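Colleague: Here's a structure for you.
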Amino acid sequence: MSPPPDTNTDAQAETTLEQQASSSHDRQFEAVSFDTKRTATGLSWIVVPTLITAVLSVLIVSAIYSVWTESDTLPIAGFEVEILNWLYGLALLFVTILVTKRVITSPERTAKFLGRIRRQKTVLVAAVTALFLFLIGSIVPFLTNEPLLDPLISLQPPGWSSVSEVFVPTCHGTVVDGQCQGTASYPLGTNALGQDVLAMGWLGLNTTLQVAMTASTIAATFGVVVGVSAGYLGGRVDEMLMRYVDIQRALPAFFLYILLVLRFGRSYPLMILVFGLLSWGGIARVVRSEVIQLKTTSFVQAAQLSGAEAKTIIRRHILPAVTGTVLTTVAVLFAKFAVYEAALAFLWLTEIDAVSLGSEIATAVGRQAGDNTVAGGSTFDWWSVPWVVYVPAGILCTLLLVVSFLGDRVQEMVDPRT
């Protein structure tokens, strides 16, 4: 006859199993929750948002001040700073703060990201090209000024090429069989005004970068904030924000800028404000959809059940997961803004005294057959001197190509779930 079961032993066993299960659950949650790392990050989660909010606020207020006062400069610490340089500097500071914080708080993830770039040769080439364009486009105003007009050396051919001496008032190189030979002094030739095409191209790239980068910074910030708020909070907040997004997307920023030019005049700060404040609807919708999906994942639900605050869940789980999506959409937006700026400059709807890739192309293609050369008497079209178009157009197309390519590939490279 077997002894009766010991109820005390069974109760102890059940208690032990519950404790083990609870311990296992705690360990699993610790794998997805970063709240215990609060001391490791210090006050970064308070300082960084405050700092970037201040930088973005100063950027927007500075642009509004410039538009309202119709001023091209801004008094900063006793110096007159060009407003476009000031806005671009603030945008770079904004991005630098975010990138630095990410590198410091997630060194392993940063190393993994850089390793993926090195292993993918096409991505590495595109990244190096993009970095080169951003560096040269950012520092070129500090290295050289806009070349002086010199009609006597207009339309000089590139160093490896030649052009009929009919098209040039004075050949800077040698003339062989009626062909003006290019020289190393102007490796990519000169334009119709006698300015170095390469120098003008880099200066035009600077303007394009300033507009596209600054406007993208504003649009991305508003898009992420609205998208995360709508997706995570849901309900009436989601409905109200998305209705505003629908209204905003019905107002094309490109044409709205043209209308506002009639009131405020041609202004790059105005362009930045219009593009940045009225073009973030697409980012907001994409981020919102991503956040709604993330809310159903186990690690987010575990954090919610544990009693974690909404802001903690957003910064620890939501934002890292949507980074790739945001970068992809921002790359598309950046390329669109670059095209917009070039198109408006081509139409002479930007500041006349600013060098732009679009205005360089417009100046070149505007000199069609029937227009006299500087020397007078002879006629030509730009097909006879194609470098005046190919150089600025080539710089713009290269920028768009590498940014769009990196935007397509970066999502899978920075996604923490991969």
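Using the three backbone atoms N, Cα and C, a Cβ is placed for every residue, glycine included.
Feature table excerpt (TrEMBL):
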COMPBIAS  7-23  compositional bias 'Polar residues'
DOMAIN    205-407  domain 'ABC transmembrane type-1'
REGION    1-26  region 'Disordered'
TRANSMEM  43-68  transmembrane segment
TRANSMEM  83-101  transmembrane segment
TRANSMEM  122-143  transmembrane segment
TRANSMEM  211-235  transmembrane segment
TRANSMEM  247-264  transmembrane segment
TRANSMEM  270-287  transmembrane segment
TRANSMEM  318-339  transmembrane segment
TRANSMEM  387-407  transmembrane segment
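Just tell me what is around each of these and how deep it sits.
Modeller: For the transmembrane segment (43-68), the residues of the chain that approach it from at least six positions outside its boundaries are 74, 83, 86-87, 90-91, 93-94, 97-98, 101, 104-105, 214, 217-218, 221, 264, 267, 269-270, 272-273, 276-277, 315, judged by C-beta separation under 8 angstroms.
Residues 44, 48, 51-52, 55-56, 58-59, 62-63, 66, 71-74, 76, 138, 141, 207, 209-211, 213-214, 217, 221, 268-269, 272, 354 of the same chain lie 6 or more positions beyond the ends of the transmembrane segment (83-101) yet place their CB under 8 Å from a CB of it.
Cβ atoms under 8 Å from those of the transmembrane segment (122-143) belong to residues 85, 88, 92, 116, 199, 202-203, 205-206, 208-209, 395, 398-399, 402-403, 405-406, 409, 413 of the same chain, restricted to positions at least 6 beyond its ends.
Long-range contacts of the transmembrane segment (211-235) within its own chain (CB-CB distance under 8 A, at least 6 residues past either end) are made by residues 52, 56, 59-60, 84, 87-88, 90-92, 94-95, 241-242, 245, 268, 271-273, 275-277, 279-292, 294-295, 310, 313-314, 318-319, 322, 326, 329-330, 333-335, 337-338, 341.
Non-local neighbours of the transmembrane segment (247-264) in the same chain are 67, 70, 270-271, 274-275, 278-282, 340, 343-344, 349; each lies 6+ residues outside the stretch with a CB under 8 Å from one of its CB atoms.
Below 8 angstroms of C-beta separation, residues 60, 63-64, 67, 87, 211, 214-224, 226-228, 230-231, 241-242, 245-246, 248-249, 251, 253, 256-257, 260-261, 264, 322, 325-326, 329-330, 333, 336-337, 340-341, 344, 350 of the same chain, each at least six residues beyond the ends of the transmembrane segment (270-287), sit close to that stretch.
Same-chain residues lying 6+ beyond the ends of the transmembrane segment (318-339) with a Cβ under 8 Å from its Cβ atoms: 106, 208, 211-213, 215-216, 219-220, 223-224, 227-228, 232, 275, 279, 282-283, 286-287, 290-291, 294, 300, 396, 399-400, 403-404, 406-408, 410-417.
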Colleague: Same chain, outside the transmembrane segment (387-407) by at least 6, Cβ under 8 Å from its Cβ: which residues?
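Modeller: Sequence-remote neighbours of the transmembrane segment (387-407) are 122-123, 126-127, 129-130, 133, 155, 157-158, 161, 188-189, 191-192, 197-198, 200-202, 204-205, 208, 327-332, 334-335, 338-339, 342, 357, 360-361, 363-365.
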